[in-house]
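Written below as structure tokens is the structure these notes are about.
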Amino acid sequence: MGGAQANHSPLYIRVRFSAPERLMHRDSRPPAPQIHCRMLSGKTAIDGGLAPDHRSEARLRIDPKVLVFVETTYTQLGKSITELLVHNRIKYKVEVAGKSLPVLTNQDKGRYGVIVFENLDKYLNMDNWNRQLLDKYCRDYSVGIIGFVSPSEETLVGAQLRGFPLYVHTNLRLRDASLNPGSPVLRLTRAGDTAWGPLPGNDWAIFQHNHSGYEPLEWAQKNVMDYPTDGVAQPPLATVLQDHGQLDGIQRILFGSGLKFWLHRLLFLDSLSYLSHGQLSLNLERRILIDIDDIFVGEKGTRLKPDDVHALIATQNRIGEMVPGFRFNLGFSGKYFHHGTHEENLGDDMLLRNVGQFNWFSHMWNHQQPHLYDNVTQLMNDMMLNKDFAKEHGIPTDSGYSVSPHHSGVYPAHEVLYTAWKKVWNIKVTSTEEYPHLRPARLRRGFIHRNIMVLPRQTCGLFTHTICIDSYPGGRDKLDESIRGGELFQTIVYNPINIFMTHMSNYGNDRLALYTFESVIKFLRCWTNLNLTSVPPLKLGELYFRLHPEERDPIWGNPADDPRHAKIWAGNKRRTTLPKLLGLGPQKTGSTAFYTFLSMHPAVASNLPNSDTFEEIQFFNGNNYYRGLDWYLNFFPLQPNDTDDKFMFEKSATYFDGELVPRRAHALLPKAQLVTILISPAKRAYSWYQHIKAHGDPIANNYSFYQVITASEGEPKALRDLRNRCLNPGKYAQHLERWLACYPQQQLYIIDGEQLKSNPVTVMMDLQRFLKLPLFDYSQHLRFDNKKGFYCQVVSENRNKCLGKSKGRQYPPMDDRSAKMLQKYYRIHNQALVKLLKKLGSRPIPQWLKEDLSVTS
């Protein structure tokens, strides 16, 4: 196949949906889908076992990452490429094509598995030095290149591609695309038939060649309406071409058009897989669950009748032959049972007579939004009514799955809902479209909260009001477009696990949902090698988090920032505010003094104290984060006369070096100001050791400071943990870079901890100017206390209010051996800090930092 010639003949087999072209009336329905597909003929099942395996030994030398060269950061095709990569969770790096290349190797491994050029000309016309470097990298690491012929105003006819025995014709209008079934590139994609009709755009390029090293991957025909042929049969035109690398040892796949054509999206994914030797291959297993929300809920005239239930069961059986394990998943609210017309009530009865044919899950008894309940007992009572209804009518109650009406209470999380779900239904898994936001759908993710798995729901285009074909946005043509390679088709292609929300009304009337899902499943089987199956929700949840373990931890955002989230957020939570400033620490640098001094400002308020950790909430860096947003908000209540612009702050010294903290904090507090306090990292390490020694820590009491900071990996874990808590926070530049990856530098304020100790008035006056606070004269409210040896709050002319006994302790001097070890240990980190401070340019280099770097061993 590698040396196939260009004289393949395309396959002209039609995929047709036998349905009237006119818009349908309320009393008519789309007929059962009739998709005639050559690849389905005579087959009862198709699975991904037919797909080739692209893996080779070369994959061991490259990372599973794509390098994308774009013309600018704003070009549409570049955005489409990166969005497709995000859809499929493929790692990538974007570079604007220019004069230099990024670093391509990491020791003996290639950093990228495939190189993509949004504009093929940028590759063909690279300067010789960079072209030679890039080509050498591709040959050395067996890395392939994908290039797109970019549209241009100039029409080319038989123009030779620079350096290749290839010729292009551009700015063509084409139709009727088909694939080369013998191509080794096809894996996800199946050469199922011909995609009939005009292809999108009028700027297609086609390739011609006379060398055996090139093989067409896709063909099309000229649009006869634009290019009359007088009835003469026209040869197929190569629109996607594979270069087997026979000329220069580099494999390439060239596209004559972008990603607007749905088939090109599939071919692009297969090209990534093939050229990366399987490193960037997608799993071909797809799980599909179709929820039918609101069973028994609906206005008269929109509900299921007996013949609709018959159709539901019949379609389920047909889908089950194509999707093993498939059953519709019915969500019920028992209060509305028998609330339809006489015939619709018979439909309710028929559903219950066939209860065993379906899977079932609970809504609320009265379909009420859970976030409107503040009382857990009241919420549980509503759930119990639904559970009693289920038991009375033989509906299973052990699915472990529930969906909240209108997505209420799942995200933003309403803690009462999670509690009631556990107690009444023993819920273990739910789903929502809202996390982290409704749109874009490609960024929907899962999380686990209170041991309940929350899975992302997908969009199919059918909503409560979509009960007839003429109510589908755009009508029948738009629906079929979504099915035949469009949004619905691509959603299933891109997502290993698909949970679709539909409604009872989609299954009566025009029975749009039955038509939609049976059609798209047949189309998937025609054009892909995906293996479609279905399992119950609990198994879906377990599988999802095996596939995506990094998503187990939630990332809490601010519901007030999203209008949809604000609507489904419990109202009583709005009498809280969120902090505008975070004190990051690190520990033993003066963060408690900072907290005390800032709290003195009349325009500033801090959080309520935490019974476990005093003034520190320690939310973003530990187990408190899993208590949820409600728990955090309870520390920031607004007083009756407060407004939302109250300047609230919190300080937790453990935030500074927490690996997950910057991302978590930014998700909730993207506009917060950040304040960190730095002292000599060696001094900070010694102070921390003495601090926990004074608190009776057995490790500190049994090991000297030098023994702690030099503990090897073979030492007891408790000793190694203490070593890490002494040493790691002092790697200041490393931790600051992590914060600056999430926050702009304008929101970061660095305080010299020695200046805070020796001259707090000046430090606090500068800080309040940075924060744009009303002027508060700290010189009238801070005074040096000779007994304590540090500045304290002025209470009266003769009295100060100072920090507790644990603050300002005098420790014995650090031993020379430890000081020299730490000076050497922190040198590279201190040098990095100097570079970072110069880059930020806002603060002078502290004297202690200059001294730490000037000391010689």
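Cβ atoms here come from the backbone N, Cα and C positions, even for glycine.
Predicted automatically and left uncurated, TrEMBL annotations should be read as such.
Taken from TrEMBL as is:
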{"type": "DOMAIN", "residues": "62-275", "note": "domain 'Heparan sulfate-N-deacetylase N-terminal'"}
{"type": "DOMAIN", "residues": "285-489", "note": "domain 'Heparan sulphate-N-deacetylase deacetylase'"}
{"type": "DOMAIN", "residues": "581-831", "note": "domain 'Sulfotransferase'"}
{"type": "ACT_SITE", "residues": "LYS588", "note": "active site, for sulfotransferase activity"}
{"type": "BINDING", "residues": "SER687, TYR791, LYS807, GLY808, ARG809, GLN810, TYR811", "note": "3'-phosphoadenylyl sulfate binding site"}
{"type": "DISULFID", "residues": "CYS792-CYS802", "note": "disulfide bond"}
Among TYR791, TYR811, the one of these binding-site residues whose Cβ has the fewest neighbouring Cβ atoms within 10 Å
TYR811
Who sits close to CYS792 (disulfide bond): which same-chain residues at least 6 apart have their Cβ under 8 Å from its Cβ?
LEU782, ARG783, PHE784, ASP785, ASN800, LYS801, CYS802, LEU803
Integer Cα-Cα distance in angstrom, LYS588 (active site, for sulfotransferase activity) to SER687 (3'-phosphoadenylyl sulfate binding site)
6
Any idea what the model's mean pLDDT is for the domain 'Heparan sulphate-N-deacetylase deacetylase' (285-489)?
96
When you measure from the Cβ of SER687 (3'-phosphoadenylyl sulfate binding site), which residues in the chain that are at least 6 apart have a Cβ under 8 Å away?
LYS588, TYR811
At a 10 A cut-off on CB-CB distances, which of the recorded positions LYS588, CYS802, GLN810 has the highest count?
LYS588
